Amino acid sequence: MSTITPFQISPSTHSSFQPSFQPSLLHFKSTRTPTKLFGKSIVSGGSTTSTDTDSVERDHMGMLKTSSPQSSPSSSADTPTDDEMIRVRFINIPPPKGSLAPPDEVLVLAKKGDNLLRLGDSNGVKVPRACRTGLCGTCTATLTDPTWPGDEASPPGFQTIRCCNAGAMLPSGADEMVVDLMPGGPDGETVNPMKRFDDGWETSYVSDYQREERENRGVEEGGGKVVRDKGQESVPKDFNVAPWDKIW
């Protein structure tokens with residue numbers, strides 16, 4: 001019976017021995033291949049590291065964009081220059097409820113097109129507001145505009161605006177934009193834009209089923225406006241439903 005001697009490797013030969021099935025790391029290649037973006041070499045594969053001195057970042061749409069780290073914020077196109085800034089002067093500022101009297105006027109520098117309502121909020125000028133859509137007229141103000149010809153509501157040179165949808169602009173022939181928040185002044189007549197809703201016109205409308213109920217009780221309509229005349233072959237109690245099924 002033959003004896004099998006185990007294979008042994010001496011320390012001197014261990015360092016030079018390499019099994020044939022062991023892969024060599026020298027044969028592996030990276031799957032991250034360099035690509036070109038606007039003439040700049042960028043490593044793909046999820047990395048945003050550039051091979052040159054420029055850094056790579058993404059915009060709001062997720063697209064890659066290049067920017068030089070040496071560029072300062074003052075050189076950005078989004079930063080307006082001194083020539084693009086507009087002086088906006090708020091005068092006759094109404095005092096907020098339960099607070100001290102505000103200053104007579106506030107002068108701020110604004111970028112062209114900045115919303116006057118937001119501009120006032122960011123500089124301590126609380127412009128009265130309600131709907132913020134330009135319909136209610138609570139934020140009505142007067143703009144000093146030398147080119148304004150005038151109309152029934154405002155004299156020449158003073159244009160009526162809504163601060164909620166008006167932007168900072170420099171009128172022709174003016175050095176600054178002057179916004180008067182209380183054209184009548186502190187002692188002038190207080191303008192109430194919501195006064196036009198005080199005549200009760202919303203409550204004067206009478207619907208069909210209300211008109212019929214009033215007629216059954218012998219009550220006059222009281223100026224109610226009838227917009228349609230629908231013939232009724234049945235009454236709500238026949239179907240055990242509420243009166244609003246008669247509205248169509």
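Placement of Cβ uses the backbone N, Cα and C atoms for every residue, glycine included.
Remember, it's a predicted structure, so these values are computed and weren't measured experimentally.
Check TrEMBL against the ranges 1-21, 127-147 and you find region 'Disordered' recorded for 1-21. Long-range contacts of the domain '2Fe-2S ferredoxin-type' (108-152) within the same chain, counting only residues at least 6 positions beyond its ends with a Cβ under 8 Å from a Cβ of the stretch, are 80, 84-88, 90, 93-94, 96, 102, 158-174, 177-181, 183, 191, 193-194.
Averaged over the domain '2Fe-2S ferredoxin-type' (108-152), the predicted model reaches a pLDDT of 89.
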